[in-house]
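K.L.:
Before I ask anything, let me first share the structure, which is written out below as structure tokens.
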């Protein structure tokens, strides 16, 4: 992996998203400005960490970061805008929620939303840039908790296990029980379950 070279600036925010692929729930984003004086060991892409490690880092990031913020786009916004534009909107909301304005923003992936400060997309940034790793952890822990809460309301779908992704089990239950109000109606499997597919 090529080592990432930081822009010459002080306040750098990292931004990442979780939940573009699921059929249900919001896409959740986070923006984080880390404190160089309070380093956090073990930051990595949230998908490469155990749940226990993620939860511990989640608390440490919230405690030690100079600023952090969550953003989201709800299922109805995803359906209205499409998932890419909804993700960009959620990222803008996360950056806008920071109580310290960053001088530069690093975004995981290959596209940047329009922001009031310079920004750069970093491919595989969640493994290369600690600020993005921290954002990925905050976003994933938050979204996983939302799926666990939804699982209590709709236990038949298994949301706590698959987090809303289109697993065989989820698709089977979608066909059996239909869609909840939290499902993304613009996504193919949900459309088919609702009989809306053309």
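Every residue gets a Cβ built from N, Cα and C, even glycine.
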K.L.:
Which residue of 79, 108, 144 does Swiss-Prot report at the same divalent metal cation site as 16, 17?
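P.N.:
The record-listed residue among the candidates is 108.
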K.L.:
Does residue 16 (divalent metal cation binding site) have same-chain partners at least 6 apart in sequence with Cβ under 8 Å from its own Cβ, and which are they?
P.N.:
29, 30, 46, 107, 108, 125, 126, 132, 133, 135, 136, 139
K.L.:
Enumerate same-chain residues with a sequence separation of six or more from residue 17 (divalent metal cation binding site) and a Cβ-Cβ distance below 8 A; give 'none' if the list is empty.
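P.N.:
Looking at Cβ-Cβ distances below 8 Å from residue 17 (divalent metal cation binding site), excluding near sequence neighbours, one finds 27, 28, 29, 87, 90, 91, 108, 139.
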K.L.:
How does the model score the domain 'RNase H type-2' (10-198) in terms of mean pLDDT?
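P.N.:
Reported value for the domain 'RNase H type-2' (10-198) is a mean pLDDT of 95.
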